[in-house]
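Asker: From Swiss-Prot, here are the annotated features:
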COMPBIAS  491-505  compositional bias 'Basic and acidic residues'
COMPBIAS  801-815  compositional bias 'Polar residues'
COMPBIAS  921-934  compositional bias 'Pro residues'
COMPBIAS  973-992  compositional bias 'Low complexity'
COMPBIAS  1006-1021  compositional bias 'Pro residues'
COMPBIAS  1030-1043  compositional bias 'Pro residues'
COMPBIAS  1071-1080  compositional bias 'Pro residues'
COMPBIAS  1084-1100  compositional bias 'Low complexity'
COMPBIAS  1101-1120  compositional bias 'Pro residues'
COMPBIAS  1129-1146  compositional bias 'Pro residues'
COMPBIAS  1152-1162  compositional bias 'Low complexity'
REGION    491-511  region 'Disordered'
REGION    801-845  region 'Disordered'
REGION    906-1176  region 'Disordered'
REPEAT    7-47  repeat 'WD 1'
REPEAT    66-109  repeat 'WD 2'
REPEAT    164-204  repeat 'WD 4'
REPEAT    208-251  repeat 'WD 5'
REPEAT    255-295  repeat 'WD 6'
REPEAT    298-338  repeat 'WD 7'
REPEAT    382-407  repeat 'WD 8'
Amino acid sequence: MVRLREIPRTATFAWSPGAASPLIATGTRAGAVDADFSNETCLELWDLALGNEDAGAELQPVAKIDTDSGFNDLAWTDSEDNSRGIIAGGLESGSLGLWDADKLLSGASDAVLSKSSKHSGAIKALQFNPRHSSLLATGGAKGELYISDLNDLENPYRLGSSTARADDIECLDWNKKVAHILVTGSSAGFVTVWDVKTRKESLTLNNMGRKAVSAVAWDPTKPTKLVTATPHESDPIINLWDLRNSHAPERTLRGHEAGVLSLSWCNQDPDLLLSSGKDNRTICWNPQTGISYGEFPVVTNWTFQTRWNPRNPNFFATASFDGRISIQTIQNTSTETAKAVADQNQALDGEDFFAKAQSQPQVSSFSLPKAPKWLERPCSSTFGFGGRVVSVNLLEKGGRASKIKITPFEVDEAVGKSTETFESALKEGDLKSICENRITSAATEEEKSDWRVIDALLSDSPRKGLVEYLGFNDQAEDVSEGLAKLGLSKEDEVNGEAAPKESRRPGARKHKRLQSMFDASPDDNFLSDLAASKGAKTNNPFQIFNGEESEADKNITRALLLGDFEKALDHALKEDRMSDAFMIAIVGGQKCIEKAQEHYFSKQTESPNYVRLLASVVGKNLWDVVYNADLSNWKEIMVALCTFADEKDFADLCDALGDRLEEQIRNTGDKAIRKDASLCYLAGSKLEKVVSIWIEEQRENEQAAIETAAEDSSFSIHVRALQSLIEKVTIFRQVTKFEDSERTKDCDWKLSVLYDKYIEYADVVATHGRLQVAQKYLDLVPEKHPEAEIARNRIKLAMRQPTTRAQPATSTARVVSNKPLPQPAAYQPPTTFSAGARAATPTSYAPPAPAANPYAPPAAASNPYAPPVAASNPYAPTAAAANPYAPSAAAPSQSTNPYAPAGGSYAPAAGYQPRQQSFGAPPPSVGGVPPPPRASSQSPATVTTYTTAKNLPAWNDLPEGFAKQPVSRRGTPASSAPISSPFPNQSPAVSQGPPPAGAGPQRTPSVPPPPKGVPPPPRMTSPPSAGQAPPNPLSAVPPPPANPYAAVPQSPSVGSMAPPASIPRGSSPYNAPPTIPPPSNRYAPSPAAQAASPQLQARAPVPPPPQAAASPYAPPPPAQPLAANPYAPSTPPPMQPPLQQVPPPQSAGSRPSTASSVKKASPAPPKYPPGDRSHIPAEARPIFEILSEDMQRVKSRAPSSFKAQVDDAERRLNFLFDHLNNEDLLKPNTVQDMVQLARAIQARDYETARTIHIDIMTNRTDECGNWMVGVKRLISMSKVTP
């Protein structure tokens, strides 16, 4: 419902028939008067320029030609001789004019093709035959009906008798299916069907009462059906006829409040009919069902013509007597802008209304329940999640029934096969064969090297496998052979023969692993092999001291004799006798050995490199080798680590070596070293390091494959590279038994790049239908990874598993128990609920206690999505009407549909029906006290309640869109958004008392719009704070309420006659208001109570109840009769003037007054745009995550009939998320409570959630906004959603 362009003319019009950019021809409307009182008449052409975004809404004509008379109708048809076609005009003078559109556009002087005057009076209607474009039917005054052939304009023929008729032919239409059938409608009420072939009447419809016919239109698909319209004010109806029964219409469409002037039936969709009329409205109907889809923006004067575009029915045009032709579309694309304009206009004060109100016309919005036929597709298909294609095909051509087919689909079958092969090999545990296959099929040396290293790690001795992979196995064999030649490993012989092979000790070749330089011999202590035999005698006697010894020799000898090996070692080292020192150290033990080794290495400054290596091995300081050895010998370093490193240091040493290699890559750019660094990381089980290298290699290999590939798609190449990466990581994790210690972290993961690859791979395999495989890899990603969480839930939904969410980190917020929170006295309902209990005495802080609990939730069968129905005021002293919301006695059980309305919940009850009383009779009063006389120039004051306070979202707010908002009344209508009061037809919040004594009943058929000088109705104000008197409503006249849910203020009416039924719509500023009070608003003060007690305005505001009813969209049930008001005087002064009061200064902590005298400060602009969720702090993120997920669950399962209510709740929740993102409005303790509320909803502990909600709403109202209502509704909707 967007106005695309406007033509500033009061004119009849016709669309161009071509498929090119649409043009409109306009002819000055006969009898219309322009604003400048010009009598100029002309034919003009207008280019809509819909493709030009810079074009203004108001157009300028592209061609113009003057005429001698005004137009009653225009028609435009194709022509073989004229590319743009021919325009025909029926003039008021009776002339028929024909123009060449091409020549009009070019400005040629001979644009007029013909001008004939066969008609004796004005031509009222004309139309070209849709199948034979050369045939033109014209009808006019005195019943004249001519058929003209453009090929022979001089000889038209007349249908019917030549005798003059008293009625005029007002409209006509060719049958869309049968070319020679024509229908006409006359001012006398005759609807005649003509057979042009026989030139006779075929049928006359029995138009009951012979009411004038203003418009006729044939059904575009059924040749026997047509619609007619009547222009009468008293009975503006549209009749749908079937020629097979001409005695009575098949259906009657009612909705216009004044005569209907024009009809247009869409050629592309027979379910769309436009009508316009004297009530300034254009309505869209479904003529097949009689349902009104809605109305388009109301203008300021009669809409006398409306037409669909014949080529593109997305557009239509409507002409009105306000001097404009509006070109509109049926698709609304700017609802937010329209709402903003409407809200701005609605909030204007009465004094400055005409100075500040915008000139935009009314905004109206509605949605078609189904797509128009030209947007429907006979077949469609879409890719579904999980490797599925969903296709829809019609069961039969021309029908609407469709068949849905779901078929599996794989983008690349090789991906699915390779995934299945790899997963099956994993299940069998045959990792060796996987590695061998990948080594064989590897495309690059780096890939092959990685798999060989992984294969080496699979061996029984991973370090030995790595040594062999590095090529050091042969060198160990060579050393072994060299040592054998020296006799160091020669085995003892038994009886001159070599000992059996199996008898060789395991330490014989222990040097291969070089565990210790002193452990190469099988004899751990060769001195122990010397026999200590008593009778051992030798032929080689010696002297301990022979007199030639040096002093050092003597000292060493004495130390040895005393067994002081350490002192002997010191003397040997002092004399630099290294050989003797080592021998003494061997006898002296480990401490002496280490001392000898240290002294030895300190002396070897110019020794070979192997001595430093030996020093590192002996000193268990392999870090010296890792950090200081030249990287050209990285393999030797790696072998040394595999041979000598302790188990606890091995991984870190390999990691350090890999880091040195990576640093060299960055310094030199030599990417060939990457595989060396990769080996180091693999040996050290450093997955986070090796994954980065693998991902870089994957990217390069993928790019190279894409450049050289001839047939494979880039997707297939990418998926294969991703598959290879995932396989390497998976095998490596199993080989090293890798445990991810960061799965419980919230952020800053070392393996974040791997997690991204897991998520991508899961999406790929899920697309190929392997959902279980996708779930397996997503389970390797931390639970709090945002993308993985979405992907996991998506897969679980596809597998029909319950979606779960990881609990956020434990907050320090207090845990709210299930018991209700203590409530202050002002919000406590009475504790006595017995039906027979005496009404409690009211206090100064609470309203009178009802005998029955007015806030008790209805039975479980109540509908949480049901729209509310207005009920009587529970605070009125009169007895409340029957509760229309209470479930019937036979309420459905819990197992029934939770969305089904309860029995009788939609049946009109006494509280909903208008009061039926005699015309002019006074309404019943309370206690026989007559109301005070009504002032003649000022509206009575209204009692402000919590629900009518300005800018305060009330606890019982309802979803938007249930009814229309009041429209500001002025010369040019203000924009009016499609949001309206939730209490349609409610009573005006003014006294409806009888006239003063002595004044008899007066009959007033309607109340005209108030003149400019009359003050508007009083503004709804906020409830005054405790101890604060409300502002005098008569001292300052406020504008209408800005609260979209407030009651509609109206002037008091006199009569009580029921208005005629009409379709829902926004009130027009040019229509008179209703003449009777609509059904009352249950939350508005009763007229009698208000009139009877002037002091009532000084009472404290009525607080919201501590607990809402079970229905999130319905107000609580009405209460029982209340106790008498202790503040009301027994006999109010009937003529007491209102007191002139000024609101006193507010006390600390009181709610700021929102009276009309106080200007509301404009809020500061938000830090971040609406919809942004990236700045929600971590402590508040559970609110967003849990409530969003639950809202989506409710949204996906709620019935479509409640879409508006669900969407409204979601919109209100987005307000909360915006506040959280901007970190405004909500204080930290409220955020903590909301986290607890969200977790209660997640755990389906709705009582706790409701208790927290009431606590926040009651004690922290300054932090509550529109979002609070959305939370309340989500709690109720979630509770009943399975």
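Counting starts with 1 at the first residue shown.
Yeah, the Cβs are placed from backbone N, Cα and C, and that goes for glycine too.
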Asker: Is the number of Cβ-Cβ pairs under 8 Å between the repeat 'WD 2' (66-109) and the repeat 'WD 1' (7-47) three or more, considering only pairs separated by 6 or more positions?
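Answerer: Contact criterion met.
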Asker: Using DSSP, what's the helix, strand and coil tally for the repeat 'WD 5' (208-251)?
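Answerer: Helix (H, G, I), strand (E, B), coil: 3 helix, 17 strand, 24 coil.
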Asker: Counting only CB pairs under 8 A, let me know which of 164-204, 255-295, 298-338, 382-407 has the most with the repeat 'WD 1' (7-47).
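Answerer: Looking at each of 164-204, 255-295, 298-338, 382-407 in turn, the most contacts to the repeat 'WD 1' (7-47) are made by 298-338.
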Asker: Report, as numbers and ranges, every residue of the chain located at least six residues beyond the repeat 'WD 6' (255-295) whose Cβ falls under 8 Å of a Cβ in that stretch; write 'none' if there are none.
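Answerer: Residues 176, 214-222, 227, 229-233, 236-238, 240, 301-308, 310, 313, 316, 318, 320, 330, 364-370, 372-374, 1060, 1062-1063, 1065, 1068, 1070-1071 contact the repeat 'WD 6' (255-295) from elsewhere in the chain.
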Asker: So what's the mean pLDDT when you look at the repeat 'WD 2' (66-109)?
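Answerer: So the average pLDDT across the repeat 'WD 2' (66-109) works out to 92.
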Asker: Can you break down the repeat 'WD 6' (255-295) into helix, strand and coil residue counts using DSSP?
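Answerer: The repeat 'WD 6' (255-295) comes out at 0 helix, 21 strand, 20 coil.
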Asker: Which residue counts does DSSP give the repeat 'WD 7' (298-338) for helix, strand and coil?
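Answerer: Residue counts for the repeat 'WD 7' (298-338) by secondary structure: 4 helix, 18 strand, 19 coil.
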